[in-house]
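According to TrEMBL:
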- 15-79: domain 'DUF1899' (DOMAIN)
- 88-130: repeat 'WD' (REPEAT)
- 138-180: repeat 'WD' (REPEAT)
- 181-222: repeat 'WD' (REPEAT)
- 480-507: coiled coil (COILED)
- 512-532: region 'Disordered' (REGION)
Amino acid sequence: MTSNYSKILQMSWRPTYRSSKFRNVYGKADNREECFDGIPITRSVHDSQFCAVNPKFLAIVTESAGGGSFLVIPVSKSGRIDPHYPKVCGHQGNVLDIKWNPFMDHVIASCSEDCSVRIWEIPEGGLRRNMTASALELHGHTRRVGLIEWHPTCSGLLFSAGYDNKIFLWNLEIGGPVKRIDCHSEVILCISLNADGTLLATTCKDNRLRLIEPRSGKVLQEADCKNHRVNRVVFLGNTRRLITTGVSQWNTRQVALWDQDDLTRPITEEEIDGLSGLLFPFYDADTHMLYLAGKGDGNIRYYEIHKEKPYLQYLMEFRSPSPQKGLGVMPKRGLDVGACEVFRFYKLVTLRGLVEPVSMIVPRRSETYQEDIYPMTPGTEPAVSPDEWLSGINRGEVCVVVSSASSFAYFTRHPFIFVRAAPVLMSLKGSYKRPDQKALRASKRERRAMVVHGIDLLENIQPKRDSELLKLFFRQQDELKRLREELNHRDTRITQLELELKNLKNDCNSRPSCLRCGSPMSTSRPQPPSIS
């Protein structure tokens, strides 16, 4: 009986560790020269990012009196920003959210406490004077507007959510709303669109997660989240799943994974910590990595999403002593492909008036283009026009997977294709630049700096046996002992040098000085000349 039971246990056991090409991803903060300093970041308590970035411009909501404003700075012009730098200052109330158009790098949308949504066109090279006239003003909300979101496959559609519990769908070609979604009883906390823009997920203050068809405004599914009070929601690409962050029954921060086809209960829930700051989720559909950054925290956790258990695999954590108020995310087409950069944050540090870029890098030794970590990604070409999408047409890239010669012959005999409703994709191979030797040597020095007495601090390898775990433990204890001894030796050396410096000062003060030049005179008696 015992032998059968042990066999069952052996068959049911599965290792929790899963091999991954992203298990060694590490965060790297840029130098002070590459940061944006001297920015009066807004002190608003609204739960928003207050930052938006694209390959050309960086936009930050600023603190101002007599209306709302935000800065638009070229990404290449880092360093200290002039206090009189031109601003976009057309709103009569505080700016609550800003978003760049994913298809046009010079168009940005903003919403404000003055109940309006405005579209701005930034000139080439940035602002030269304050901009007060917007390209388009959208009025329809009766209370302040807190959230805006661009459509992922169409450049002329914009969603906005206000404190009047309504969501408006705006057609920028006609300059007015084409749909009003009125199904929420409380303030809307977050809105998110899936990859093709055919589904809209919302979280509300009534602790309900809703899945809405944006064309008709019909609520397809609704989940009552009593045990998991949701705050933020994000679609996980084309996986037909959602991620929400919120608070559990015991007031601990929590993340939950949902199936969009069944919102009766979450697939899995995982508690993060007991802090009170809001958790912002960021998902990278190309690498299937989830980043969690808390408001007021200094760290950024990142996980890898799997279709099977464990659904959320913890990878590593980027730590920083500076708390973040918000984070902007650079699109994939703006990353440094040569340095194997897979994600980049722009971190707002209010206390220092600083915007700090933080890069997530996959350590690779090869100097060639890494196709396995850079698949096809959404580009700058819209898939449909506003009229086509509103009429029910979903058109995107043509997806025909040919795995063998027989399948190719099948598609040639049957002249039809399957069109997936998704953004038009592009390759990042054209933006690849081979890193120069100086940067390569610097990256190798950084890599060597992470290796201490044979222990690679970037390696997150789980020991397979107890003996390996004990060996790693004793190696770490030896390393800690060596560091303590080195620290004590340096403290002793510093004390000796301070005593020697004090003795030199006392020796100089005790010597008599010359009345003519003020230099110290020798106290020894001169010897008489010798008589030969």
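Even glycines carry a Cβ here, placed using N, Cα and C.
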Do any residues, 6 or more residues outside the repeat 'WD' (181-222), come within under 8 Å Cβ-to-Cβ of it, and if so which ones?
47, 146-147, 149, 151-154, 157, 159, 161-163, 165-169, 229-235, 237-238, 242, 244, 246, 258, 260, 262-263, 285, 389-390, 392, 394, 396, 420-423
Average the per-residue pLDDT over the repeat 'WD' (88-130) and send me the rounded value.
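95, rounded to a whole number.
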Reported in the order helix, strand, coil, what are the DSSP residue counts of the repeat 'WD' (181-222)?
0 helix, 23 strand, 19 coil
Please list the DSSP helix, strand and coil residue counts for the domain 'DUF1899' (15-79).
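Residue counts for the domain 'DUF1899' (15-79) by secondary structure: 3 helix, 24 strand, 38 coil.
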